[in-house]
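Remarks on the structure that follows.
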Amino acid sequence: MVEGGIAKADKTEFTECWRTTWKTPYIMRLALSAGIGGLLFGYDTGVISGALLFIKEDFDEVEKKTWLQSTIVSMAVAGAIVGAAVGGWINDRFGRRMSILIADVLFLIGAVVMAFAPAPWVIIVGRIFVGFGVGMASMTSPLYISEASPARIRGALVSTNGLLITGGQFFSYLINLAFVHTPGTWRWMLGVAGVPAIVQFVLMLSLPESPRWLYRKDRVAESRAILERIYPEEEVEAEMEALKESVEAEKADEAIIGNSFGAKLKGAFANPVVRRGLAAGVTVQVAQQFVGINTVMYYSPSIVQFAGFASNSTAMALSLVTSGLNAIGSIVSMMFVDRYGRRKLMIISMFGIITCLIILATVFSQAAIHAPKIDAVQSTTFAPNATCPAFAPLAVPNAPPSRWNCMKCLRSECGFCASGVQPYAPGACVVLSDDMKATCHSRGRTYFKDGCPSKFGFLAIVFLGLYIIVYAPGMGTVPWIVNSEIYPLRYRGLGGGIAAVSNWVSNLIVSESFLSLTHALGSSGTFLLFAGFSTVGLFFIWLLVPETKGLQFEEVEKLLEVGYKPSLLQRKNKAKDVDTA
């Protein structure tokens, strides 16, 4: 028996997924077509990290205002909150397929608006439209794939959506690099997102609705026809019977509670199965964000620059490594999620994440402590009116120039012009401006404004890569799998919508606050804070999230009816019962 009283599913090899889809390629066609929503999700959340570097160059106000940079990044997340909330209702009312088609239209509108934006506020409007699409796609694509997949390979197929999300992020960095030297740089980067939206829209027009949603709407013949294309002939009748039993129970529930959105929401929280499902689903979605992953994906070029790599193209090239590792991690998830289980992968992933975050905090702390010193002579004689205004003995009597280093210079909102001879030798602390950057470069030096040259920079890149490697197979893809299978059919759209909203609200908090946190706490303090959040998340995943691998949807429902407790707590309760007896 598993924890909660349901028999363990047999281990499913990764090869079983390929055997099944090879025999029934229609299943993979459904999964990949719906998964393009994940590709769009990944592209639109990843592309902004590189585009922002060039948006700052075109608009001085964006360069000077950190809050405006954060707003451009996070408005897609704000739009995703609305998209996920409305998407839950649209999923249940109009179906999964219609939700994906609407998301594609929103993606296309957002891409066109951003590509032709004449001002930062227009970019923000485009990001909001893209966010609407991202929010709907983030919950609908895995839900559609889940409901069109045999239970024994469901985890691997839903992982294709995760693979396409990370693949979209990797693709966005490739596009960013491709357009670095092209006129209009960021406009091309943001506008390209319209192409896969058009492709998916056309593909989805030829695909059916979810068979489970059709059965729920009394379109039984259509549902059977689709199931016959997905399942072997001998399994179709059993699947139809399971659907019938589930739907009849839900309709009886509906007759008591009502069918309005308010009644449905009230019924969801009154239903112990849904409440327990939401406790698990919301926990994994919030934990996914508060490990800090999207600060790495949205701001990875900036983080690379914090680590001491000043060039935009170098920062984006190194960021390509992190996104590539994320995509590889998604493939690992597909290989193991149906074999070792959702819960185990997430717990192992969280231990690795916490370890990497603590090491990254240490690396960035050492980088700040050992940043190159400021040469007072160079700083005052480098060029006329070039000295950083804050760099003067009288301006900071408790911190004379002899105690300054590059990091203190940057925190004073100035720039560091490195030594032209040795990269880690003392350099000049100068004013922060494009003219000064050009002057510094003209003398064969490197100009730093986001991070300092550091011997620890390579270590930062290595552990950022390791962080992605341990994140992607577990916390990267599994939360979406859990939320696609843990709710009863009648509440699946609503439950998925609530969990997706919690994900995007958490995402908004993290992405909007990251640059401010790094300014206030430094990179080291920020990563340490994420390590603390991750520890809390690990505890609640252990406490609240059951194992669902290989189980039919109806079996998951029965597991939650019993109620879930970790095996450690079960043993304690048994020991108490023995003592009482």
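Cβ coordinates are placed from backbone N, Cα and C, and glycine is handled just like the others.
The transmembrane segment annotation in TrEMBL covers 30-55 (among others).
According to TrEMBL, the domain 'Major facilitator superfamily (MFS) profile' annotation covers 30-549.
Taken from TrEMBL, the feature transmembrane segment applies to 67-86 (among others). For the transmembrane segment (67-86), the list of distant contacts is 44-45, 48-49, 52, 55-56, 61, 103, 106, 120, 123-124, 127-139, 298-299, 497, 500-501, 503-505, 507-508, 511-516: same-chain residues at least six beyond its ends, Cβ to Cβ under 8 Å.
The transmembrane segment feature in TrEMBL is assigned to 98-117 (among others). Within its own chain, the transmembrane segment (98-117) has Cβ neighbours under 8 Å at 34, 37, 40, 44, 83, 87, 90-91, 123, 125-134, 136-137, 140-141, 144, 187-188, 190-194, 196-198, 200-201, 204-205, 209, counting only residues six or more beyond its boundaries.
Taken from TrEMBL, the feature transmembrane segment applies to 123-145 (among others). Long-range contacts of the transmembrane segment (123-145) within its own chain (CB-CB distance under 8 A, at least 6 residues past either end) are made by residues 30-31, 34-35, 37-38, 40-41, 44-45, 48, 55, 71-72, 75-88, 90-91, 96-97, 99-100, 102-107, 109-115, 117, 157-158, 160-161, 190, 193, 197, 210, 480-481, 483-484, 492-493, 496-497, 499-500, 503-504.
Beyond its flanks by at least six residues, the transmembrane segment (157-180) meets 17, 21, 27-28, 31-32, 34-47, 49-51, 141-142, 145-146, 149, 186, 188-189, 192, 297, 312-313, 316-317, 319-320, 323-324, 326-327, 329-331, 333-334, 337, 472, 476-477, 480-481, 484-485 of its own chain at Cβ-Cβ distances under 8 Å. For 157-180 (among others), the entry in TrEMBL reads transmembrane segment.
Remote same-chain partners of the transmembrane segment (186-207), defined as residues 6 or more beyond its termini with a Cβ less than 8 Å from a stretch Cβ, comprise 29-30, 33-34, 36-37, 39-40, 43-44, 47-48, 50-52, 54-55, 58, 97, 100-101, 104-105, 107-108, 110-112, 114-117, 123, 126, 130, 133, 172, 175-176, 179. Look at TrEMBL and you will find 186-207 (among others) tagged as transmembrane segment.
Away from its own ends, the transmembrane segment (345-369) comes close to residues 284, 287, 291-292, 306-308, 333, 336-337, 407, 452, 454, 456-457, 459-460, 463-464, 466-467, 469-471, 473-476, 478-479, 522-525, 527-528, 530-531, 534-535, 537-538, 541-542, 545 of its chain (Cβ-Cβ under 8 Å, at least six residues beyond either end). Residues or ranges marked as transmembrane segment in TrEMBL: 345-369 (among others).
Taken from TrEMBL, the feature transmembrane segment covers 456-482 (among others).
According to TrEMBL, the transmembrane segment annotation covers 527-545 (among others).
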